[in-house]
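Listed in Swiss-Prot for this protein:
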type: BINDING; residues: E21, E24; note: Ca(2+) 2 binding site
type: BINDING; residues: E24, D30; note: Ca(2+) 3 binding site
type: DISULFID; residues: C23-C29; note: disulfide bond
type: DOMAIN; residues: 1-47; note: domain 'Gla'
type: MOD_RES; residues: P9; note: 4-hydroxyproline
type: MOD_RES; residues: E17; note: 4-carboxyglutamate
type: MOD_RES; residues: E21; note: 4-carboxyglutamate
type: MOD_RES; residues: E24; note: 4-carboxyglutamate
Amino acid sequence: YLAPGLGAPAPYPDPLEPKREICELNPDCDELADHIGFQDAYRRFYGTV
């Protein structure tokens, strides 16, 4: 039983989240990520993920 206001534990943090945010701040990277996926777009703009 969980007390009211308490939900499930937070999910494990995504180690790629900081890089995903960098890509999202670059409009060209963000647009490319919509087409080919975040990891491939990041790799094209910034090198290895």
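Cβ atoms are placed via backbone N, Cα and C, with glycine included.
Model, not experiment: these values are computed from the prediction.
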For D30 (Ca(2+) 3 binding site), which of these recorded positions sit within 10 Å, Cα to Cα: E17, E21, C23, E24?
E21, C23, E24
State the Cα to Cα distance, in Å, between C29 (disulfide bond) and E21 (Ca(2+) 2 binding site), rounded to an integer.
10
Measure from the CA atom of C23 (disulfide bond) to the CA atom of E17 (4-carboxyglutamate) and give the result in Å, rounded to a whole number.
10
Radius 10 Å, atoms counted are CB only; among the recorded positions E17, E21, D30, which position scores highest?
D30
